[in-house]
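Novice: Got a structure for you, questions after.
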Amino acid sequence: MAEKFESLMNIHGFDLGSRYMDLKPLGCGGNGLVFSAVDNDCDKRVAIKKIVLTDPQSVKHALREIKIIRRLDHDNIVKVFEILGPSGSQLTDDVGSLTELNSVYIVQEYMETDLANVLEQGPLLEEHARLFMYQLLRGLKYIHSANVLHRDLKPANLFINTEDLVLKIGDFGLARIMDPHYSHKGHLSEGLVTKWYRSPRLLLSPNNYTKAIDMWAAGCIFAEMLTGKTLFAGAHELEQMQLILDSIPVVHEEDRQELLSVIPVYIRNDMTEPHRPLTQLLPGISREALDFLEQILTFSPMDRLTAEEALSHPYMSIYSFPTDEPISSHPFHIEDEVDDILLMDETHSHIYNWERYHDCQFSEHDWPIHNNFDIDEVQLDPRALSDVTDEEEVQVDPRKYLDGDREKYLEDPAFDTSYSAEPCWQYPDHHENKYCDLECSHTCNYKTRSSPYLDNLVWRESEVNHYYEPKLIIDLSNWKEQSKEKSDKRGKSKCERNGLVKAQIALEEASQQLAERERGQGFDFDSFIAGTIQLSAQHQSADVVDKLNDLNSSVSQLELKSLISKSVSREKQEKGRANLAQLGALYQSSWDSQFVSGGEECFLISQFCCEVRKDEHAEKENTYTSYLDKFFSRKEDSEMLETEPVEEGKRGERGREAGLLSGGGEFLLSKQLESIGTPQFHSPVGSPLKSIQATLTPSAMKSSPQIPHKTYSSILKHLN
């Protein structure tokens, strides 16, 4: 452990003493190297960002970042615990002391991973993307209310804890204060946003932009979450603008004229209809998500939704809770930016001339802060004049190019995500109390197990939609779709089998008609006697005797077959009349004619429906694809059995009635009722079912499910 610490300290210059151990590289921020380490004082893993102070520009950036992150306190913003100097020394609240150091360390909240690393595995589900987008907008609403522009929003700067699906905005190294009451035109740095997430206005006017540039970057990130790839990935700024114009309509004529003066080659007379609209770039998203994205990715920043307006869009209504979307109570103003620049200039002037004026009676804290500086000189951002452009600093993300054998993240979650509204650090020499304050303070109302958020959902939707269980919701929807497909397949196969039954019935009817025609021909006794006399008068040869014997045998077989068929039909007729006598005189004639004529058909249908029942039962046992399928199938069976409670005294009678509905019995009952044509039939089902039971075969009776039915409507409901 000590050797590893010494190696990292020698290579990267990390000098924090023995308090922080187990250092692991995470990547580079906007202006510094980031490591993770374990704080031995409280046994917590934290993220530590080192900022090297080499020139006035780096000092200014550090002053700006520290001032911003110390005041921002939100559930969707990475928390900052401490600002340390070399060897882990404590720094005072006076930011002017930074000018005396060569490096500074920002100890902040450790997050498990970032969105860029998550998207390397592929696109997200739309529910997950919507949840992360809501948290991003929630954080942006707070940041913009504090008059701060992030200016470097990209997936690598959005950190995620996968355990609770909390997203937080980090890396404010390129953020700056923008007071809306003052004009910053011409005094803003160029090209700070990563090229792929730059808005069209930022490409046209690099020194003139507003908070809308963060919203454009947020829209590009949302599209990237849905597709798994960058929405507009241009190789250079000209190609970037071309890709945007191919998909984003230019509605206003003044915007088209400005484009015509800059890149006339790519400008058409009608720019309202793009060649490749967002519907083609994002073919799989919902209509609500597409409408939401089209209102964010607008060419004109004046038409673009703000963070607050985006949270009020119907697409975000599932999570939106305005009372739990706070804004800054202490926003920045132009004075904060002016004071930092003046302090930096005065302090550096004091340092550079310290050897000449070492006997000066004024101490560092007694130096005057306010002078009569020209406002244009104050608003000028020296970052635009640096040798290394900010674009190059932002574009390179070393986190993605770390060696594979290095550990990037720690499995254990670092901290709870809640924090107090205003930090109150009573002991500046130690920050262990800040961890306790972090863990014991209020929690975000839209997080897991948050009662205000859940109460709001109950009040609004009358049911709780837990945002942290999207996978279960999707599994349920998939199960419903699979169940629907299975039911469609089962219905189709059953229809095909019913077609086979009808074919078999038609074949049996044809054979019966043929047999009846043969029986209808009868036996001509006179012809037989005449033939016999004629044969007896002739010489009886062996051939004639054989023919006579054949004729006698055929006649005897024909008579035997006729007797058997008559006995079978008479037996069925008597059996059917005896059973149907219980229906009463109202339905005697119609039921008798239908039942007697369909005696053999009833037996065939009963036997076939029994086989269908067995096949469907076996198919149902083999088609479970998930535990949800089996669980809900069992639940439906149990609910069906519990619909009719059985009393102790009537258990035997209802048990007998339950056996009446076999696979063939159900089909037979519905067919006979339809053929009779008596929709006004409302008598108890017990007696006709007992009569029909006698006509069912034993095999069909054995395979019938034991489900009690007491009314005709319940039978039809079960059949359907």
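Placement of Cβ uses the backbone N, Cα and C atoms for every residue, glycine included.
According to Swiss-Prot, the protein has these features:
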CROSSLNK  Met1  ubiquitin cross-link
DOMAIN    20-316  domain 'Protein kinase'
BINDING   Leu26, Gly27, Cys28, Gly29, Gly30, Asn31, Gly32, Leu33, Val34, Lys49  ATP binding site
ACT_SITE  Asp152  active site, proton acceptor
MOD_RES   Ser189  phosphoserine
MOTIF     332-337  motif 'FRIEDE motif'
MOD_RES   Ser386  phosphoserine
MOD_RES   Ser554  phosphoserine
MOD_RES   Ser556  phosphoserine
REGION    638-657  region 'Disordered'
COMPBIAS  647-657  compositional bias 'Basic and acidic residues'
MOD_RES   Ser683  phosphoserine
COMPBIAS  700-714  compositional bias 'Polar residues'
REGION    700-720  region 'Disordered'
Novice: Hey, which of the binding-site residues Leu26, Cys28 is the loneliest by Cβ count within 10 Å?
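Specialist: Comparing Cβ neighbours within 10 Å for the binding-site residues Leu26, Cys28, Cys28 has the fewest.
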Novice: What kind of secondary structure is Leu26 (ATP binding site) part of, going by DSSP in three states?
Specialist: strand
Novice: Note the mean pLDDT of the domain 'Protein kinase' (20-316), expressed as a whole number.
Specialist: 88
Novice: Three-state secondary structure of Val34 (ATP binding site) from DSSP?
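Specialist: Assignment for Val34 (ATP binding site) reads strand.
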Novice: Relative to the Cβ of Gly32 (ATP binding site), which residues of the same chain, six or more apart in sequence, are found under 8 Å away?
Specialist: Lys49, Lys50, Ile51, Val52, Ile106, Gly173
Novice: So what sits near Val34 (ATP binding site) in its own chain, CB-to-CB under 8 Å and at least six residues off in sequence?
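Specialist: Val34 (ATP binding site) has long-range Cβ partners Pro25, Leu26, Gly27, Cys28, Ala47, Ile48, Lys49, Lys50.
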